[in-house]
């Protein structure tokens, strides 16, 4: 094929957000769709994730929200007859399923070419033995390694224990002894991998790895822990033109997955000779493998006394990746866009650089700033899980920052991550600080390094304990010294180091009035809470942010231009700096302040409770503003997202989401308004401090849509309860408590069990059901840590109620309901963890639908809602109870929009900009088919976590299944999750449910001697399905990848799916799914 032929291209997405594979593939896929269509290709997209921008109907010619497996994709290929498939843009998921389609003969049968990187290359990089041989053939050094492989026809359960031990011991001897790294092939984010020091642990890792691997192989590699880990992003076309896009250096040494490490570009500690050697190696590797498009090559390097040091080629990812997204945002070079065009046959010199408009994709980017990426971990959701960092990923997302110096970039990244250390360093002595927080790699280590310098540790001591390179440790000390300088009245040094004026005010003893900090000394955070509770630490009481502002350099906005200023950039992609050497006299803002403009505040890094769905809402808001002729400027810091693509908005500001820094963008752009509704809790939280900051600066900019006070009213339980009483809307009995005594009194009045949670948190954080006083007292201690100085909410637990979510748009006069979703699980399971369906099917819900509409309209009116509104309801015995209302975007907005065909985020943005619903003339629609949204849970990546669902959200992502019946839709949703429901075999049933005996050999707990015997049966491969709430049994299911259901409702849904298995797996593009124009709840 040549680039100018008309053709149909199948683009395979990456599926749901999960640990190891987050929103970077939504960004890559959206960019690729646009690139392919620019070249005249007809694009057919398949993905199972409704929360993404790439699954919007306008993103491709045909969009299929279907499971990413060979069965569904084979049907799509048969129906759409694509000429080619691009595998390298859908992450590991896309690579794996493309390989399976080839192996099953589907691609040959329908004459579908694999475009771009050939399958042989994929096999050569994923098969560790093949990769090792290819590297040795071209003279590239690799770590010593060997493979443990199952024989043909052999399974893990068949493997004799002595035989497994012999194979493992032989492999260890071959690579030089323990410690070793165990790596599993064809898996994601280091799943099943790790540095192992003990033989017993290695045997278990190998057993698990053989089960997880698609080709029954586990690689045993010599450990090179302690070496510097680097990544090189490389691009090649069919003419063998190659460029290095950038290199990225991990602060943490080898032994920690790059997705878990703090990453810096350009590299800071590698000598130029070493960089040139690895650069040459990277070009040699991509050429030998025949990769066409982008790829990521990982190296390990250490100083052996020679000018260039010594390196090893660790692995190659022949596709776009998490690091590709980071490199794209760090340099402005659109790796996914170029990869897609190269797959069509374009050469690098034929692809324009959209940022400069003068150069091409054949020019290597040059940068004159420092980029830092920090991960975001779900520690707050899994308090019983060990978060020591290793070769297996546990983080859910990441934040990126840009600064002129590393300290400035580091502090901006830490602030952007919205993470606060779990440790209270005021309670930790030096010995514990060293062993648990400096020597042991955890998410708290950067903060422990700062703390060590506050205690007088030297750079040499910290280097010796952490094994982090001296250059980086020196920079950490600079930050700690700058904080001390601020306490002594030197504010400018702290500002240049990267502290905000609000942080400097706090350091000087004044009041902190913002949402997130980068780092402050422990003695300024006496309460150990999530937000700084700053007390005067010096004689500087009375210092205000106004005082600090007069003594610090203002932020200057600089362009990301891919060429370090060599050519004039035309794309408005900015970062801020306070470095006085940055050329402040040269204003690089290319924004016309006379044009009407709005700042859209994004959601920051992905975390449990706040995922890619909020980026979906932010992007839709931007597109709506552009439709109205209003300039839209985005403030966000997540390199994985579509909102931070350089061509999504009229101005991209890669900045922390704090009131101070958002206000700087507003002031610089002279924005007329700012939207905080679309970025989840992150953007909502800055509402009050931003309002105060705008007033302090006397900026003529309004917070658009529903007022900040109305959003606060919805969060403030006492005010909200009073409002519901005035409206005559039923609520679960409850209230808020500001002390342990008040909480106990409330619980006694209501009667146990009660549902308890902190206020002003997202994703049900620290929410729980408690059954007695002792549990409640224990809970209160945790809630105070999570949300200090905020009330604890105590509510009646509505047992046996059916829960609902409603998403709507209001304009103060009218309400448009986007959709009503019924939860599969009943009360007690967080709405974000429950499967849900649209439209509702329970007769109990249908009977009260008019009342549901009335409740939503009354709440919208009472809150003076302008924009989005999510209302969570429960129905019991024909009565509708309101659980909570949130006048902002919600995680269900994308699902609603794609099932009902009504883009409510866009509509909301237009309403917030002054349009009315009647003027927009949008009709409500009810889908005629059943769509089920199912969640993806991370328990397999977090050993020791409790797999039972409860009132606190734990899921990382979602999928969607649609069919003519609920059973089939639920089955498709489970397929999309990756846990297909078995149709026969042995089932252990510990829930009160009948019907499985028609399909399975059903056993219960009484058929086994004890729980250990059940676990042994699971580990021996003798169990196909488990229905239970027993934690130990469920943990064994997670470990052994046995399908399980832990609630009565999900088990019933699974039985319905099994009974629907004979129905055909019909695939439909989302624009082909029938809908009826009718109001929800209409009489």
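Any Cβ shown, glycine's included, is placed from N, Cα and C.
Together with 796, 798, 803, 828, 829, 830, 831, 872, 884, the ATP 2 site in TrEMBL holds one more listed residue from 757, 841, 851, 853, which is 757. Across the region 'Allosteric domain' (981-1083), DSSP assigns 40 helix, 19 strand, 44 coil. Within the same chain, the residues at least 6 positions away from residue 886 (Mg(2+) 4 binding site) whose Cβ sits under 8 Å from its Cβ are 711, 714, 869, 870, 871, listed in sequence order.
The Cα of residue 256 (ATP 1 binding site) lies closest to that of 315, out of the binding-site residues 315, 872, 884. The most densely surrounded of the binding-site residues 229, 315, judged by C-beta neighbours within 10 angstroms, is 229. Ranking the binding-site residues 222, 884 by the number of CB atoms within 10 A of their own CB puts 222 at the top. Mean model confidence for the domain 'ATP-grasp' (721-913) is a pLDDT of 90. Here the candidates are the binding-site residues 128, 222, 298, and by Cα distance the one nearest residue 315 (Mg(2+) 1 binding site) turns out to be 298. Residue 872 (Mn(2+) 3 binding site) falls within a strand segment according to DSSP. Here the Cβ of residue 298 (ATP 1 binding site) has 20 other Cβ atoms within 10 Å, regardless of which shown protein chain they belong to.
Around residue 872 (Mn(2+) 3 binding site), the same-chain residues at least 6 positions away in sequence with a Cβ under 8 Å from its Cβ are 803, 804, 805, 806, 831, 882, 883, 884, 885. DSSP assigns residue 315 (Mg(2+) 1 binding site) to a strand in the three-state reduction.
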